[in-house]
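If you look up TrEMBL, you'll see 1-22 marked as signal peptide. Positions annotated as transmembrane segment by TrEMBL: 110-133, 145-167, 173-197, 227-249, 327-344, 351-378, 390-411, 441-463, 475-498.
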Amino acid sequence: MEKWSLMTITVLLALTVRWAVSLGSYSGAGKPPMYGDYEAQRHWQEITYNLPIRQWYFNTSDNNLLYWGLDYPPLTAYHSFVCAYIAKLINPDWVALHTSRGYESQPHKLFMRTTVFVADLLVYIPAVILYCFSLKETSAKKKASTCALCILLYPGLILIDHGHFQYPLSLGLALWAVLCLSHDWDLLGSVAFCLALNYKQMELYHSLPFFCYLLGKCFKKGLKGKGLVLLLKLAGTVLLSFAACWLPFGTDVEQIMQVLRRLFPIDRGLFEACMDKVANIWCSLSVLIKIKNVISPRTQLKLSFAVTFLSLLPACIKLTVQPSLRGFKFALVSCALSFFLFSFQVHEKSILLVSVPVCLIINEIPFMATWFLLVSTFSLLPLLLKDGLLLPYAITTPAFLAVCLASFSILEKTSAEDLQLKAFSLSLKGYMSWFKSFPRIVRSLFLLSLALMGALSVLSAAAPPPQRLPDLFPVAVAVVSCLHFLLFLVYFNVVILWDSKNRGQKKIS
């Protein structure tokens with residue numbers, strides 16, 4: 001009972017923070033002609049409610065795709081339709097075809113914010129709570145409410161979902177999939193992840209770890225017996241899940257192809273989404289090398305694919321050969337980070353696809369997880385400033401750090417063993433004597449990183465940039481964040497590749 005009381009307080013605090021953030025401004029308010037992401041979500045409700053399904057993804061006189069055309073999979077469209085149906089009952093003007101563009105009012109803002117709040121409450125938050133209670137380690141069980149508090153107070157997700165404005169459904173469904181797999185409910189986990197992928201195509205960032213982990217389980221069980229049966233069941237589950245999601249579009253090949261073109265608009269180029277200085281390798285390199293000018297769009301696509309594939313290959317091979325839940329969670333982080341750093345058309349909000357898996361291992365590596373989550377929130381700073389979210393950012397980020405310091409004493413968890421680097425350090429014995437002072441070095445780098453992020457945050461918010469370099473601060477934030485992420489990618493891959501014990505994992509039989 002005490003655990004549930006603490007968890008109830010944790011959830012109430014998390015909900016209070018979310019609601020407080022949602023009371024501020026929202027993306028694109030009063031900024032025609034496109035307004036912002038808030039208007040995009042409202043417009044999708046307008047389109048899905050008023051037009052037949054066959055027109056949702058096509059450019060017509062009633063559906064100008066240049067004005068926030070649908071570019072997410074069918075489940076997003078169905079969710080928009082459900083929200084629109086409720087909105088129509090409250091006030092038909094909110095979703096009136098054509099005339100509702102750029103609609104802004106306090107009642108409508110309250111309605112839209114409430115839809116996000118409800119989605120969080122029904123999907124994402126329950127998944128976090130049940131995941132924290134399902135942690136196998138005794139010490140972690142005692143800290144279920146502590147882990148949940150840190151995860152639910154992660155500022156990046158709160159600021160984007162409830163400040164900038166988007167729904168947490170794809171990440172919530174992915175969390176449910178992880179939770180199901182942790183209980184060996186592989187078929188339910190597959191359904192949950194298929195739903196996540198059919199809500200947002202960016203869940204492809206997590207697809208390879210799911211595939212490799214389940215394939216590795218099939219190999220372990222033997223592909224001439226139980227493993228083959230499991231493989232066939234998984235294949236059937238995935239096919240049925242996708243068929244159910246795409247059923248309204250499945251009668252027309254052209255419909256399917258048009259949806260796919262909307263989901264993967266490769267003709268926009270490598271930097272289509274880099275206008276806000278994304279903290280990935282391509283946007284950072286463009287400061288020194290104008291890649292768009294020296295490499296053709298097709299070559300950019302091939303280069304991006306090759307680098308992404310090579311960077312995530314080691315973790316995927318290790319997970320397939322040695323499937324374990326611990327390895328699976330770390331592979332989710334590593335592969336998603338590879339996609340963010342190297343893949344095609346990355347949005348700055350995509351860092352949340354890395355951050356949520358990092359939240360899942362905060363009890364195992366609290367120091368590095370906290371550091372990463374702080375950097376990921378900092379990387380969103382240009383977008384947050386544009387949305388008028390400086391004050392929520394300035395409050396929630398230090399508060400999150402304080403909670404992690406109090407909950408996990410992270411500055412005391414910097415030894416090689418605490419950072420899951422003991423096996424790696426032993427392999428370097430005799431070559432790197434500085435490992436003895438490793439904890440002190442790591443703490444110093446962390447404090448230096450905090451100071452740098454704090455200074456850039458203050459400068460970005462308060463100091464006018466030089467006239468000749470108007471993008472100086474956003475670029476500096478992107479480059480500094482990118483350098484952090486590259487080091488984190490190396491770190492997570494080292495942990496994965498040198499992990500031979502798979503501690504705390506049930507034997508797959």
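Just so it is clear, glycine is given a Cβ too, placed from its N, Cα and C backbone atoms.
By the Cβ criterion (under 8 Å, sequence separation of 6 or more), the transmembrane segment (390-411) is in contact with the transmembrane segment (145-167), since 3+ such pairs are found. Remote same-chain partners of the transmembrane segment (110-133), defined as residues 6 or more beyond its termini with a Cβ less than 8 Å from a stretch Cβ, comprise 3, 7, 11, 14-15, 18-19, 22, 26, 38, 41-42, 83, 86-87, 90, 94, 141, 144-145, 147-148, 151-152, 161-162, 165-169, 171-173, 175-176, 178-179, 182, 359-360. Between the transmembrane segment (173-197) and the listed ranges 227-249, 351-378, 441-463, 475-498, the one holding the most Cβ pairs under 8 Å is 227-249. With a threshold of 8 Å between CB atoms, the same-chain residues lying at least 6 positions outside the transmembrane segment (145-167) that come near it are 3, 6-7, 9-11, 13-14, 17-19, 21-22, 24-27, 36-38, 41, 79, 112-113, 115-117, 119-120, 125, 128-129, 132, 135, 349, 351-352, 355-356, 359-360, 362-363, 370, 373, 376-377, 380, 383-384, 387, 389, 392-393, 396-397, 399-400, 403-404, 407-408. Under 8 Å from some Cβ of the transmembrane segment (351-378) lie the Cβ atoms of residues 128, 131, 135, 137, 140, 143, 147, 150-151, 154-157, 159-160, 171, 174-175, 178, 202-203, 205-206, 279, 326, 329-330, 332-333, 336-337, 339-340, 393, 397, 400-401, 404, 407-408, 410-411, 413-414, 418-420, 442, 446, 449-450, 453, 456-457, 477, 480-481, 484-485, 488, 491, 495, all in the same chain and six or more residues away from its ends.
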